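Student: Per Swiss-Prot, disulfide bond is recorded for Cys36-Cys52, Cys43-Cys57, Cys51-Cys67, Cys59-Cys65. Marked as asparagine amide by Swiss-Prot on the basis of similarity to another entry: Asn71. Per Swiss-Prot, the feature signal peptide maps to 1-20; the stated evidence is sequence analysis.
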Amino acid sequence: MRTIISLLLLSAMVFAVIEAISLEEGLQLFEGERGCVGENQQCADWAGPHCCSGYYCTCRYFPKCICVNDNGK
């Protein structure tokens, strides 16, 4: 009886780990598919929206962070 209960608990733990990994991978794919913002648009590196390629987020006038051209930075 103990063996059966142990196997059931082990199976549940394995299932939970597999489910958590697949959920995390799905969230990462979703984050990559989100749109980006361009020059002088409001951004937040830590939470999004993120700047498009060629721009970076600067917070000179916090809390209004904006995307600026990186000019080869």
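From the backbone N, Cα and C atoms, a Cβ is placed for every residue, glycine too.
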Student: Between Cys51, Cys52, which of the disulfide-bonded residues has the fewest other CB atoms within 10 angstroms in the structure shown?
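Tutor: Among the disulfide-bonded residues Cys51, Cys52, the sparsest Cβ neighbourhood within 10 Å belongs to Cys52.
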Student: In this structure, which of the disulfide-bonded residues Cys36, Cys57, Cys65 has the fewest other Cβ atoms within 10 Å of its Cβ?
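Tutor: Sparsest of the disulfide-bonded residues Cys36, Cys57, Cys65 by Cβ contacts within 10 Å: Cys36.
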Student: When DSSP is mapped onto helix/strand/coil, what comes out for Cys59 (disulfide bond)?
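Tutor: Strand, per DSSP.
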Student: Looking at the recorded positions Cys43, Cys51, Cys59, Asn71, which ones sit with their CA no more than 10 Å from the CA of Cys36 (disulfide bond)?
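Tutor: For Cys36 (disulfide bond), the recorded positions whose Cα atoms are within 10 Å come to Cys43, Cys51.
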Student: What recorded positions among Cys51, Cys65, Cys67, Asn71 are found with a C-alpha within 10 angstroms of that of Cys57 (disulfide bond)?
Tutor: Cys51, Cys65, Cys67
Student: If you measure from the Cα of Cys67 (disulfide bond), which of the disulfide-bonded residues Cys43, Cys52, Cys59 is the nearest?
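Tutor: Nearest listed residue in space: Cys43.
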Student: In angstrom units, rounded to an integer, how far apart are the Cα atoms of the residue listed as 'asparagine amide' and Cys59 (disulfide bond)?
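Tutor: Their Cα atoms are separated by 17 Å.
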Student: Using C-alpha atoms only, work out the spacing between Cys51 (disulfide bond) and Cys43 (disulfide bond) and round it to an integer in Å.
Tutor: 7
Student: For Cys43, Cys59, Cys67, listed as disulfide-bonded residues, tell me which one has the smallest number of other Cβ atoms within 10 Å.
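Tutor: Each of the disulfide-bonded residues Cys43, Cys59, Cys67 was scored; lowest Cβ tally within 10 Å is Cys59.
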Student: With Cys52 (disulfide bond) as the reference Cα, tell me which of the disulfide-bonded residues Cys43, Cys59, Cys65 is the closest one.
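Tutor: The answer is Cys43.
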